[in-house]
Amino acid sequence: MRLFVAVDVDDSIREKVKPILKELSGVSGVKAVEPENLHITLLFLGEVGEEKLARIEERLSEVTFQPFKISFEGVGAFPNPGSPRVVWIGVKEEGELTRLANSVYEKLKKLGFRRDKDFKAHLTVGRVKRKNPEVADIVRKYSSESFGEMEVRDFRLKQSILTPKGPIYKDLRVFE
């Protein structure tokens, strides 16, 4: 099973993000993220055998944190707006989200999981399959937009089920 650890976004944030999702959906070569799939990935685990699931859950239950606020501001692209592969909304935080991601990683590192890159807080809103100059226009248009604030009260172990129509994400366990 394909697993990752994430923070889901509140419905209020989903609503505020819908206009950019709609615009991205209208751009050739871009796949916008479905509103119900919006999340902040703390750690991607990849393909994991079911026999490891209990140990992953046990380690994640050891992660402790207090609820904290994050805000969503600005739009950018990885690696850059001129050659975008991923379109994202920035996540402003005071370090708590990064500490949570690092704590998740430290617990799961003991089970052999590795990061492919350092954690950079962001909310993916689209994936670019084919280069299209319209993407840079959208990034510019929303570059200083504010999408609201939410409180992080939990994180989730999620399964990603890949289908021809796009991924389906299923919560396996919620950690508070």
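Any Cβ shown, glycine's included, is placed from N, Cα and C.
A strand conformation is recorded for H39 (active site, proton donor) in the three-state DSSP classification. Counting every protein chain shown, the number of other Cβ atoms lying within 10 Å of the Cβ of H39 (active site, proton donor) is 19. If you look up Swiss-Prot, you'll see H39 marked as active site, proton donor.
Positions annotated as active site, proton acceptor by Swiss-Prot: H122. Here the Cβ of H122 (active site, proton acceptor) has 19 other Cβ atoms within 10 Å, regardless of which shown protein chain they belong to.
What Swiss-Prot lists as motif 'HXTX 1' is 39-42, and the listing cites sequence analysis. Predicted-model confidence for the motif 'HXTX 1' (39-42) is 98, expressed as mean pLDDT.
With a cut-off of 8 Å between Cβ atoms, the residues of this chain six or more beyond the motif 'HXTX 2' (122-125) that come close are 9, 17, 20-21, 24, 32-33, 38-41, 72, 75-76, 86-91. Summarising the annotation, Swiss-Prot assigns motif 'HXTX 2' to 122-125 and lists sequence analysis as the type of evidence.
If you look at the motif 'HXTX 1' (39-42), the same-chain residues 6 or more away from its ends with a CB under 8 A from one of its CBs are 4-9, 91, 97, 100-101, 104-105, 119, 121-124, 155-156, 158, 169. Following the DSSP three-state reduction, the secondary structure of H122 (active site, proton acceptor) is strand.
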